[in-house]
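Annotated features, as they stand in TrEMBL:
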| type | residues | note |
| --- | --- | --- |
| DOMAIN | 17-94 | domain 'Cytochrome b5 heme-binding' |
| TRANSMEM | 130-150 | transmembrane segment |
| TRANSMEM | 156-177 | transmembrane segment |
| TRANSMEM | 300-318 | transmembrane segment |
| TRANSMEM | 338-361 | transmembrane segment |
Amino acid sequence: MGKGGNRGEGAAGEAPVPTFRWEEIQRHNLRNDQWLVVDRKVYDVTAWSKRHPGGHRVIAHYAGEDATDAFHAFHPDLELVCKFLKPLLVGELAPEEPSLDRGKSSEITEDFRALKRMAENMDLFQTDHLFFLLLLAHIVVMESAAWLIISHFGSGWLPTLLTACILATAQAQAGWLQHDYGHLSVYKKSGWNHVVHKFVIGHLKGASANWWNHRHFQHHAKPNIFHKDPDIKMLHVFVLGESQPLEAAGRAQACALHMHMCVTPGDVGDPLCSVPGPWQPPKYGKKKLKYLPYNHQHEYFFLIGPPLLIPMYFQYQIIMTMVMRRDWVDLAWAISYYVRFFSTYTPFYGILGALLFLNFIRFLESHWFVWVTQMNHIVMEIDLDHHRDWFSSQLAATCNVEQSFFNDWFSGHLNFQIEHHLFPTMPRHNLRKVAPLVRSLCARHGIQYQEKPLLRALLDIVGSLKRSGQLWLDAYLHK
């Protein structure tokens, strides 16, 4: 029992259950000491986090706070995961303690949980298996059509360009499909989702399921949060975040975290902590950090963002992750993709030509992937962790794009990014059905629900980068 714990009253003949206050629980947020709370029960996940299928970092991001809604959002098979939780139990919240920490809104949380129960009663978590079968079938059809074009018309420039576009489309759609299985949103049993996920992301795309899980679940747990969301870790290439109004509590929490993360004594007391707004652009400007001319990042984005993310950064990261972690199963699935691709196209292009062909396909796919995934997030609030409740934190980091058959297909239903982030295990064909309920809950609590046309969403990416770059420049020039 940690310092500050109390002994609660147990049933006759049973040992009393230790109880803890939030002040004590929040101290267990270190790399080698991690507690979290689920349904008012306190768990020590320090040792077990290394065996967590979603990776240890996603658990660390919730160390010292309530993780109830995140836990239920990511785990559809509660009967299975609760077996792993039971040995980790160290106590419960003290009776006088609120269920939520740091002043998170209990009213919004209870309304959200009621909305989720309503969605369950409406069978919105039930899968239409024909829908996903057709998605897989149309990927196979495109792969087959690509081979038929090359085999019939030869490897001239026009057939090659057409085939590359078809295969890039197939890769993009396979990316959205693996996303469904990775989120356990197709089958009721997690095991079946994991098996098919490895097949789709490994054999159809040449990537790693475990790499994706460890990266993507962090993004969902703490979207657009510096030091926690890997999708906004830009390696000094871009600075992200625009001015956003912060509530007083959130501002104070962000300042406290900023002081905790500082690397030099002079950072504590930084005047940036005293005002609301973005964290990274003015921070880089004030420190005179100029790895690149960030005031031009909306221009060089076109040169190093969409063209290079998949063929260079992701490809290198995926291979290194599988090798360094000795993830031989994922590596075998990825190798099966390369064997299939090169055995198919080497007879037409030779080994070097097939390699160039593969990278051109990924170059095309990378544009598709970057524009779609960034239109929902990069334009939203990007900052330090304000420790909001689940509903509020997801709405602050996501926005939607208008529904249409094309938009649904083009984005893999990620045009319903708000609903997907709130209910990551909901089959994507049901996201549009729950959207009116989410919009209503936002209106009730005065939370902005953003939805825009596809073209506007794409253009906003460039505008957001331009504004962030200007914030950096203003701070850099002492304005």
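Heads up, the Cβ atoms here are built off N, Cα and C, so glycines get one too.
Note that TrEMBL annotation is computational and uncurated.
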Item checked: Distant-in-sequence neighbours of the transmembrane segment (300-318), which means Cβ under 8 A and at least six residues beyond its ends -> 207-208, 211, 237-238, 292-293, 334, 359, 362-363, 365-367, 369-371, 461-462, 465
Notebook entry, point to check: What is the pLDDT of the domain 'Cytochrome b5 heme-binding' (17-94) when averaged and given as a whole number?
Noted result: 93
Checklist line | Intrachain residues whose Cβ lies under 8 Å of the transmembrane segment (156-177), provided they are six or more past its termini | finding: 132, 135-136, 138-139, 142-143, 145-146, 149-150, 200-201, 204-205, 357, 360-362, 364-365, 368-369, 409, 411-414
Notebook entry, point to check: For the domain 'Cytochrome b5 heme-binding' (17-94), what does DSSP give as the number of helix, strand and coil residues?
Noted result: 31 helix, 21 strand, 26 coil
